[in-house]
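Colleague: Have a look at the structure that comes next, please.
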Amino acid sequence: MTVTIENIHAREIFDSRGNPTVEVDVRLTDGTLGRAAVPSGASTGDREAVELRDGGARLQGKGVSKAVANVNGEIYEALKGQSPFNQAKLDHLMIELDGTENKSCLGANAILGVSMAIFRAAANSEKIPLYRYFGGVDLELPQPFFNVINGGVHADSGIDVQEFLITPVKRDSFRDGLKKIANIYHTLKKILSDKGLKTPVGDEGGFAPKLGTTENAIAILYQPIDSAGYFPGEKIAIAIDSSSIEFYDDKKKFYRFEGKNLTSKELLTYYDNLVEKYPALISIEDGFSEHDWEGFAAQTKARGQKIQLVGDDIFVTNPTIFKEGIKKNVANAILIKLNQIGTVTETIETISLARKAGYKTMISHRSGETVDSYIADFSVAMHAGQIKSGSMARSERVEKYNQLLRIEEDLGKDVALAQFPG
């Protein structure tokens, strides 16, 4: 019996910030169901694919009933009766149906929900795990990066830099790495409390203490790593996501950073000094604005052989934009977010480009998440090497890490572990 798409149904659900988002069910003629929920970002690149929101008074304008209607109407009519096993064909059908460069007609949140759900339905129909359906048998568990201190637009902490992350550089297994991070996370909470600092958590589960500066945040991270005997930079390393678009003045072309107005050159010097003083810092994401390609390229030239420089807002998981970045030698790694581009097929294309160009890849969640663990399977299948999904708090974050634990258990003790640096 030929299996085809029988029904596609979308609904409006709520994400981890209490905002509406799209969830899609794809049902096949063999009775198989594939379900997927779409995440949403707070700090977004200007050239990301467009989330379709309703506007108006309902749900403060953030409703997604239009996107839901597009799934249940035009998209369903275009895809019903199609084989779920030709993902690229179906994704391109939706792209053509939308007819815009940024998916603003049907909505990237509508298209991505269907794209993800079809993949899951096809895997379920074949009775294999999603990561196997994506990636076959040659698989690798990614190195996780945990956001333990939140700043920027993700928390009311007063720190300009958005994320301070830790990663288990040395680990015997994914579970061993997770154990190390959990230990540090709880020790960090005690250290902050002992210093009289409050420990609320931000959107991504990290603590949001009033530490004042980036350097203070990095310095305090050394303490729980040291006290656990993990040696900063040896067993546990540190990374930051500046999300510098949030403090870049596009008109005046400078960065309003920690009470000062810095040029690109001055900000580069700041990062250089930070890396020299704190050698456990191995990765900087979006150190420069998406509108400051020259600054990003200068940092890559100066530091690209010594530290990972991740492009997020500057590339927005878009293969066309990323090709431009490769030509200009901007960054040496790329952050991968499914909803930035809006289909699974285009996301895979971007990852393939990165691999050919020698760029590292890091799969990422969004600040507005759901309990869908899709990116965990995706990171394993794509040999992404790295993943970040928030901290060790908030169930929508931890669920991705728990899914990676399950995958490790399924694959057995001999499964390969991605290693960075290395």
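Cβ from N, Cα, C; glycine included.
Pulled these from Swiss-Prot:
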- GLN162, LYS337, ARG366, SER367, LYS388: (2R)-2-phosphoglycerate binding site (BINDING)
- GLU204: active site, proton donor (ACT_SITE)
- ASP241, GLU285, ASP312: Mg(2+) binding site (BINDING)
- LYS337: active site, proton acceptor (ACT_SITE)
Colleague: Where ASP241 (Mg(2+) binding site) and LYS337 ((2R)-2-phosphoglycerate binding site) are concerned, what is their Cα separation in Å, rounded?
Modeller: 15
Colleague: Please report the Cα separation of LYS337 ((2R)-2-phosphoglycerate binding site) and ASP312 (Mg(2+) binding site) in Å, rounded to an integer.
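Modeller: Just about 9 Å between their Cα atoms.
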Colleague: With the Mg(2+) site defined by ASP241, GLU285, ASP312, which remaining residues of that chain have Cβ atoms positioned within 8 Å of the Cβ centroid?
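Modeller: Same chain, not in ASP241, GLU285, ASP312, Cβ within 8 Å: GLN162, GLU163, SER242, SER243, ILE284, ASP286, VAL310, GLY311, ASP313, LEU335, SER364.
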Colleague: Do me a favour and check the Cα-Cα span between ARG366 ((2R)-2-phosphoglycerate binding site) and ASP312 (Mg(2+) binding site); whole Å is fine.
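Modeller: It is 12 Å, counting Cα to Cα.
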Colleague: What whole-number Å value do you get for the CA-CA distance of GLN162 ((2R)-2-phosphoglycerate binding site) and GLU285 (Mg(2+) binding site)?
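Modeller: One finds 10 Å between the Cα atoms of these residues.
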Colleague: Check the DSSP secondary structure of LYS337 ((2R)-2-phosphoglycerate binding site), expressed as helix, strand or coil.
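Modeller: Reduced to three states, the DSSP call for LYS337 ((2R)-2-phosphoglycerate binding site) is coil.
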Colleague: State which of the following binding-site residues has the fewest other Cβ atoms within 10 Å around its Cβ: GLN162, SER367.
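Modeller: Checked GLN162, SER367; of these binding-site residues, fewest Cβ neighbours within 10 Å: SER367.
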Colleague: Of the recorded positions listed here (GLU204, SER367, LYS388), which is spatially closest to GLU285 (Mg(2+) binding site) when Cα positions are compared?
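Modeller: For GLU285 (Mg(2+) binding site), the spatially nearest of the recorded positions is LYS388.
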Colleague: Sort the binding-site residues ASP312, SER367, LYS388 by C-alpha distance from the residue listed as 'active site, proton donor' and give me just the closest.
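Modeller: Ranked by Cα distance from the residue listed as 'active site, proton donor', first place goes to SER367.
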Colleague: LYS388 ((2R)-2-phosphoglycerate binding site) to ASP312 (Mg(2+) binding site): how many Å between their Cα atoms?
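Modeller: Distance between the two Cα atoms comes out at 13 Å.
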Colleague: To the nearest Å, how far is the Cα of ASP312 (Mg(2+) binding site) from the Cα of SER367 ((2R)-2-phosphoglycerate binding site)?
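Modeller: Taking the Cα atoms only, ASP312 (Mg(2+) binding site) lies 14 Å from SER367 ((2R)-2-phosphoglycerate binding site).
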Colleague: Indicate the candidate from LYS337, ARG366, LYS388 with the smallest number of other Cβ atoms within 10 Å of its Cβ, considering only these binding-site residues.
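Modeller: Among the binding-site residues LYS337, ARG366, LYS388, the lowest count of other Cβ atoms within 10 Å belongs to LYS337.
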Colleague: Quick one: of GLU204, ASP241, which of the recorded positions has the smallest count of other CB atoms within 10 A?
Modeller: ASP241
Colleague: When a 10 Å sphere is centred on the Cβ of GLU285 (Mg(2+) binding site), how many other Cβ atoms does it contain?
Modeller: 28
